[in-house]
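J.: One structure coming up, written as C-alpha cells, with questions to follow.
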Amino acid sequence: MTAPKKLFIKTYGCQMNVYDSERMSEALVAEGYVETKTAEDADMILLNTCHIREKAAEKVYSELGRLKSLKADNPDLKLGVAGCVAQAEGEEIMRRQPAVDLVVGPQSYHRLPQMEARLREGHKALDTDFPPEDKFEELKARPKARRAPSAFLTVQEGCDKFCAFCVVPYTRGAEVSRPVTRVLDEARDLVERGVREITLLGQNVNAYHGAGADGNEKTLAQLIWALNDIDGLERIRFTTSHPNDMQDDLIEAHRDCPKLMPYLHLPVQSGSDRILKRMNRKHTADSYLRLIERIRVGRPDILLSGDFIVGFPEETEADFQATLDLIEAVNYGYAYSFKYSTRPGTPAAERAQVDPVEADERLQRIQALITRQQQDIQQSMVGRDVSVLIEKPGRFEGQMVGKSEYLHAVHVDQCSAQIGDILPVRIVEAKRNSLAAVTLA
C-alpha cells in the first residue's frame, strides 16, 4: 500500500490567509494528502504569502532559497507559492526561483486538485486568474473533524477603496460577498464541530452585501443578527473594517446584539487630513473621531484597535503629530503601526519618500504611545469580572488560557474548565501582553 503524501503549509500575513490555508489543506487532504508539521518531512510545501509590505515579500524569496535545498534529498518534493505574492508576481516567481513548481493566486484555490494533477504528470502549474466561478462554492465540503473553539470564516473578499498605499485591490480583486445562506451553512457546520466563536473576515468586511434568501442584498449587521440565532454559537467578531462603511445598523448591532463582542478593529492610518487625502482614504480625522464617539455612546465598554502608517510619502512632523494626537484622543486597547513600504504599481510609490531614519524614529515614538495605552487599559481591567473562552492548556499545571470578550489573552490558574468552555473569571493581574485571572465561585 502506497504511503500518503505529506503536505506542509506555511502561512504569512492576515487572518484571511489563515482561513485560506485551512481551505487549501482541506482541498489537498481530499486528494489523499496528510498534513505534517515540518517542511523537511513534506512531499508538497505551500507558502501562503502576504504582499502588503516589501519586507513580507522578500521573506518569501528568502524562505524559497532555503527550501530548495530540500529537493536534493527528495527529488519528488513539490514547492508551491500561494497568496498575494503569487497573485502579484506570477511567473516571475518561477523565473526568480526555478525550484518553484506551483504558483496559485487567492481566487484559484479551488483549482488546486487539478494543478496538483499537472505536477504529478511532470509539469509546472501556474494559475493567477480571477475565474468566473466562485471559489467558495467550488471548494470541497469541509471535513467533520472537531475544531478549536475559535474559527475564522471569510464572508467578503477584495476591496474597492484603492487606498494609495495598498495592493489589495490588485491582488484580491473587487469586493465580492458570499451569500447569506452559504455563510450560515458554514457557521452551523463549524458549531457542530465544536466552534463557539466565529470571526467574520473580509478585506473590507463591513462593506459586506451578500445576497439573502429573498434575493435582496444584506448588510453585515443583518448577517450578524442571523448568526446570532445559531444555537451553540456564543461569540461573533469581525475584521477588518473601513470607517466609511461603518453604517448605523452595524453601530446598533454593537449596542444590541448579545453575541457580538465589544471589540472593533477600525483602521484610520493617519491623524492628518492632508495625509489622509493623499492616501485616498475619503474620510477625515474629525469624521473618524465622531464615528468613534457614536460607537462608544452605544457600547461604552468597547475596546478599539487600529492601524497606522508612519513615514507615508510627504508626511511632515506636523502630520505625524496629528496622528499622535488622534491616538491620544481615541485611547486604543490595541493598535498596529508600520513604517510605510513602497509597493510597485500603487500611486504612493511615485511620490517623494520620507527619510528612512526619520520614519524609523517616528515608528518608535508611535509604538511607545500605543504600548503605554495598551498597558494602561490592561491595568484598568484588574478587579473586573469578564468571561473567558478557554482555548488551550497553559504553561503550568492546572492553568488554562483563553480570551476575554475584549480579545485579551487571559491565563486562569487552578482551572478545571475544558477547552471550549466559557468561564466567568476575575482579573487579578495585568502582565505585559496578557491578564491573569481566578475563577469566580
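Note: Cβ is positioned from N, Cα and C throughout, glycine not excepted.
These came from Swiss-Prot, pasted as-is:
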- C14, C50, C84: [4Fe-4S] cluster 1 binding site (BINDING)
- C159, C163, C166: [4Fe-4S] cluster 2 binding site (BINDING)
- 5-121: domain 'MTTase N-terminal' (DOMAIN)
- 145-380: domain 'Radical SAM core' (DOMAIN)
- 379-441: domain 'TRAM' (DOMAIN)
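What does the local environment look like for each feature on the list?
T.: Look at C84 ([4Fe-4S] cluster 1 binding site): DSSP puts it in a helix. Shown in sequence order, G13, T49, C50, H51, I52, P106, V167, V168, T171, R172 are the residues of the chain, 6+ apart in sequence, with a C-beta less than 8 angstroms from the C-beta of C84 ([4Fe-4S] cluster 1 binding site).
DSSP assigns C159 ([4Fe-4S] cluster 2 binding site) to coil, not to a helix or a strand. The Cβ of C159 ([4Fe-4S] cluster 2 binding site) lies under 8 Å from the Cβ of C166, V168, P169, R172, A174, E175, Q203, N204, A207, each of which sits 6+ residues away along the same chain.
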J.: Who sits close to C14 ([4Fe-4S] cluster 1 binding site): which same-chain residues at least 6 apart have their Cβ under 8 Å from its Cβ?
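T.: Listed in sequence order, they are C50, I52, T240.
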J.: State the mean pLDDT for the domain 'MTTase N-terminal' (5-121).
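T.: Averaged over the domain 'MTTase N-terminal' (5-121), per-residue pLDDT gives 91.
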J.: Near C50 ([4Fe-4S] cluster 1 binding site), how many other Cβ atoms are within 10 Å of its Cβ?
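T.: Step by step: centre on the Cβ of C50 ([4Fe-4S] cluster 1 binding site), count other Cβ atoms within 10 Å, giving 21.
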J.: Excluding C14, C50, C84 themselves, which residues in that chain have a Cβ inside 8 Å of the centre of the Cβ atoms defining the [4Fe-4S] cluster 1 site?
T.: Y12, G13, M16, N17, T49, H51, I52, A56, G83, T171
J.: Show, in sequence order, which residues other than C159, C163, C166 on the same chain lie with their Cβ within 8 Å of the centre of the Cβ atoms of the [4Fe-4S] cluster 2 site.
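T.: For the [4Fe-4S] cluster 2 site, the extra neighbours are K161, F162, F165, V167, V168, P169, Q203.
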